[in-house]
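**Student:** Look at TrEMBL and you will find 156-190, 191-225, 226-260, 261-295, 296-330, 366-400, 401-435, 436-470, 471-505, 506-540, 554-588, 589-623 (among others) tagged as repeat 'PPR'.
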Amino acid sequence: MLKLFSAKQVLPNSSIIRSLLFPTHFASLTTISSDLTTAILHSKTPNQALQLLDSALRDNPSNPTRYLDPYSAVIHLLASAGMYSTARCLTKSLVEKLLCSSNSRSICSLVFAALNQMQSTKFNPNVFGLLIIVLCELGHVDEALWVYHRIEVGVAVRVYNALLNGLVKMCRFSSMWELHRDMIVRGLVPDVVTYGVLIDACCSQGDVLKAGSLFGEMNKKGIQPNVVIYTSLIHGLCNDNKLMEAEYVLRVMRETGVVPNLYTCNILMDGYCKMKNVKQALDFYQDMLDGGLLPNVVTFGILIDAFCKLGELLAAKSLMVHMEKFGVFPNVILYNSLIDGHLKARKLPEAMDLFNEMLNFGILHDVYTYSILIKGACDMERLEEANALLEKLAKEGIPANSVTYNALIDGYCKERNMEKALELCSQMVENGLEPNVITFSSLCYGYYKVGDMQTAMSLYSEMVVKGMEPDVVSFTILICGHCKDGNMKEALSLHKQMLEAGCIPNVFTISCLIDGLCKVGRTNDAIELFLERTTSELSGNQNDVIDDNLCSPNCVMYTTLVQALCRDGQIFKAVRFFTDMRQRGVPPDALTYIIILRGHINAKNMIDVMMLHADMIKAGVMPNEVIKRMLITGYQESGYLRSALMCSEDLVETGRSYFLMEAT
């Protein structure tokens, strides 16, 4: 018999393993005659051996451990005869039966020992490769690796492919590359399946460059890529928003005679839709039909979801009707997209009609259907209806998830109904769901809205104690709350904690901090923070490399700083920020103009006031009554009586026009 273990490796005898795993049956097992195994090994044909085993199993179907040796004998015979498919099926059947009685590692040891100790000239080492493939197919990749590391014979490329694929499915990419290197060291040449698995792994990790490199490598070796490899590469490029490159791969695919399948087409259409290029997706859909490929429910789901996200609800509904032409029926995912689209358009009655229509077609609601409806109702401040939907969900026996509860909790927090929000939190915990970061963020926001920052901070502390990492939303809510209360020490402390936790502040976080600092008279600190955390030209951070840690300044930020500087009498600094604002493409609103105009008026810079007044009108910001009265007063006090008169006449004319409109 071929030796499969090194001197250091000792595997227990299979009979000992059986006695440990199945003690209640071992007494009878020890009395089992080896006649059946002997008869199988002396069978004239593998089919005759199979018949002998099948006959024995019919007599004792509930105890496969009685026949481990006969099973092993038949598997070896089939492998020796080159009947690998039948041998694999028999191995799989044995493992599945044994898994009903014990854990996978024990069963793996048991089957491996039985196969290894068979004493016969029919012993075939390929059975271990079959066992590895079977274990991978059943999802027991660790057990398959256990077998792989204990055999000293080489295994076929297809065995490596099974292991590589199993590791990819478990997202264990480092182990996959380690196994691939071992494969190369052993002198095995990767085939098209190997490259397919590796390219798919690269695309799953977002490493499209490495996938392309592998694609080029296989072409150099003369290995023709198949539809699976081309599709994986197209999928990776689409996920990376590289649609032009994906189209190029599709052209190459067609030129080499590889016909795209429906999955390939669906991926490309989904890529176009994610880029909001629905027209291109529809053109590709028509090309697909012209090429003889019929769409499925996934195809229609992609297009309908895209139309819903664009608010084109009529087009989405027309596609629903179009589906019938191809004999394709909608599913729950498709209806969820339609319901979500109607809710985003604030059409709750129409969404409820679709909800009821599902049952008419025999399509059962799922937890996502309810979550979408509940969130939509909350967004429209229809909390009673949202709560009724939660109760209906429970009556239908569908377990609510954290998304469902969070939507309703957030709705009540926005309504400042903290009693109801906490009641839902308790209900959530009672149903076995732990509050997450989103839950705590909503509660913090609710307490911030009612002015109870002490409780909000207690919730933050609880989050940290429970090992949750507060996100940018949580930090921003708390920072804004402290800024509103003028507690800048606590706000800046949280900002520091935020940075230390690797959480990048967004534009709202920085806006709150700048506003808070300006309100307590710390204008210079506000400017320093602005220059440090934004991509403004004033900050000197404008370069070809975009720093993800910085945010683009908005109108609120600029207006706050301009107001603070004008208040402090620093009109020239205020003008610099106002100029930077416009150069950055951030349009000033009426409030910004009021602030900078008032600053110039207070500084008696009336020429600047006139130029800014004209510029404001040119920019399409029409002066309102507040601006006009401010200009009249400013012109009068500075002796510009003619300009004051013109503004006064304009104000009277505006009032007259308004009066006539009201009368009409």
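Placed from the backbone N, Cα and C atoms, the Cβ positions cover glycine too.
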**Student:** Counting only residues 6+ away from its ends, which parts of the chain sit with a Cβ under 8 Å from the repeat 'PPR' (156-190)?
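**Tutor:** Those are 126, 129, 132-133, 136-137, 139, 141, 144-145, 148, 197-198, 200-201, 204-205, 218, 223, in sequence order.
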**Student:** Counting only residues 6+ away from its ends, which parts of the chain sit with a Cβ under 8 Å from the repeat 'PPR' (296-330)?
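**Tutor:** The answer is 262, 265-266, 269-270, 273, 276, 278, 281-282, 285, 288, 337-338, 340-342, 344-345, 347, 361, 363.
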**Student:** Could you break down the residues of the repeat 'PPR' (471-505) into DSSP helix, strand and coil, giving a count for each?
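**Tutor:** Taking each residue of the repeat 'PPR' (471-505) in turn, the totals are 26 helix, 0 strand, 9 coil.
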**Student:** Taking all residues of the repeat 'PPR' (506-540) together, what is their mean pLDDT?
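**Tutor:** Within the repeat 'PPR' (506-540), the model's average pLDDT equals 89.
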**Student:** Please give the sequence-distant neighbours of the repeat 'PPR' (191-225): residues at least 6 beyond its ends with Cβ less than 8 Å from one of its Cβ atoms.
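**Tutor:** Distant contacts of the repeat 'PPR' (191-225): 157-158, 160-161, 164-165, 168, 171, 173, 176, 180, 183, 232-233, 235-237, 239-240, 242, 253, 256, 258.
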**Student:** Using a Cβ-Cβ cut-off of under 8 Å, list the residues of the same chain that are 6+ residues beyond the ends of the repeat 'PPR' (366-400) and lie near it.
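**Tutor:** Residues packing against the repeat 'PPR' (366-400) from afar: 332, 335-336, 339-340, 343-344, 346, 348, 351-352, 355, 358, 407-408, 410-412, 414-415, 417, 428, 431, 433.
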**Student:** Take the repeat 'PPR' (589-623) and find every residue of the same chain, 6 or more past its ends, with a Cβ under 8 Å from one of its Cβ atoms.
**Tutor:** 555, 558-559, 562-563, 565-566, 569, 571, 574-575, 578, 581, 630-631, 633-635, 637-638, 640, 643
**Student:** Write out how many residues of the repeat 'PPR' (366-400) are helix, how many strand and how many coil, based on DSSP.
**Tutor:** 26 helix, 0 strand, 9 coil
**Student:** Taking a Cβ cut-off under 8 Å, which residues six or more beyond the ends of the repeat 'PPR' (436-470) line up next to it in the same chain?
**Tutor:** 402, 405-406, 409-410, 412-414, 416, 418, 421-422, 425, 428, 477-478, 480-482, 484-485, 487, 490, 498, 501, 503
**Student:** Could you tell me how many residues in the repeat 'PPR' (554-588) are helical, how many are strand and how many are coil under DSSP?
**Tutor:** 26 helix, 0 strand, 9 coil
